[in-house]
Amino acid sequence: MKREILLERIDKLKQIMPWYVLEYYQSKLAVPYSFTTLYEYLKEYDRFFSWVLESGISNADKMSDIPLSVLENMSKKDMESFILYLRERPLLNANTTKQGVSQTTINRTLSALSSLYKYLTEEVENDQGEPYFYRNVMKKVSTKKKKETLAARAENIKQKLFLGDETEGFLTYIDQEYPQQLSNRALSSFNKNKERDLAIIALLLASGVRLSEAVNLDLRDLNLKMMVIDVTRKGGKRDSVNVAAFAKPYLENYLAIRNQRYKTEKIDTALFLTLYRGVPNRIDASSVEKMVAKYSEDFKVRVTPHKLRHTLATRLYDATKSQVLVSHQLGHASTQVTDLYTHIVNDEQKNALDSL
């Protein structure tokens, strides 16, 4: 989603929120939480407070008038009723069942509410230096996490990774084979952004950065000589990330046409651009997701940019057998989250043995 549109939607939600949610928003913006994260949280609060009004828990006329005391006095039974409401209400997102939304969606909603309650009961200070209230009902609410072993996750993920020669094979396919099947009109559209698309996908495959980190890159963040990019990690931390050498020609080809193709001026600092009505703009995450899905589905299997991150991590672990190195490359504080890649690589080793 483009930043301008995102901020417009955030402003619309802020206009209907209670004052204490607006204080929460300002506090988290200072952390800083990303605008995308805060937008998702505001949507969850909109859903929750709409239910508060519909269920009669508050007799306020509108959402912004719901008093803080409603949250303070919310019972465990009330919150469980809200969870049941979510389970039985379909169409909250694409991952619905006949019975209602997925457990993942419910957990996301509860996570947003837990963050708000923690702020109100622990983090904020009133004039006396105390939180607004102390009773945190969210600590009494249990969440059900999806049960899946690392081996099961590895089995599910590995079919959607471009390992071995498939990494550069994917890039070669986009460059040489994909355009051969296009109509003249589609080919013209493809050629307009070919270098950019290849540069983005190559960078994701060669660095393992998150999609948000890639689209937020500025020109100054790329050091082609050293093959290093400076990114803003989760929580606003800056980090320098090494990029594999195979991405260099794709990045060079894009930079060679960037200014002329996208009609840039000095104010256009974003690394990856798109043209809208002749005006260059930073490419948004949604556009990259659609682009990766289109090319990957035609090549092998439809994947998300996050699977390209998994691809890099798996290849790096396979080459180094170092979880520490992989965790540093991905920007993780611990090696626990990299355990998944050991299972994927073990499966690859087993397949190699079976072929002997």
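Glycine residues also receive a Cβ, built from the backbone N, Cα and C atoms like all the rest.
Note that the structure is predicted; figures quoted are calculated from it, not measured.
Here is what Swiss-Prot says about this protein:
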ACT_SITE  Arg210  active site
ACT_SITE  Lys234  active site
ACT_SITE  His306  active site
ACT_SITE  Arg309  active site
ACT_SITE  His332  active site
ACT_SITE  Tyr341  active site, O-(3'-phospho-DNA)-tyrosine intermediate
DOMAIN    16-121  domain 'Core-binding (CB)'
DOMAIN    169-354  domain 'Tyr recombinase'
Cβ atoms near Lys234 (active site) (within 10 Å, other residues, all chains): 13
Counts by DSSP class (helix H/G/I, strand E/B, coil) across the domain 'Core-binding (CB)' (16-121): 72 helix, 2 strand, 32 coil
Per-residue Cβ crowding (10 Å cut-off), top of active-site residues Arg210, His332: Arg210
Largest tally of Cβ atoms lying within 10 Å of a Cβ, found at which of the active-site residues His306, Arg309: Arg309
Overall pLDDT of the domain 'Tyr recombinase' (169-354), taken as the mean: 91
Coarse DSSP state, helix versus strand versus coil, of Arg210 (active site): coil
Inter-residue Cα distance where the pair is Arg309 (active site) and Arg210 (active site), in Å: 7
His306 (active site) versus His332 (active site) - Cα distance in angstrom: 15
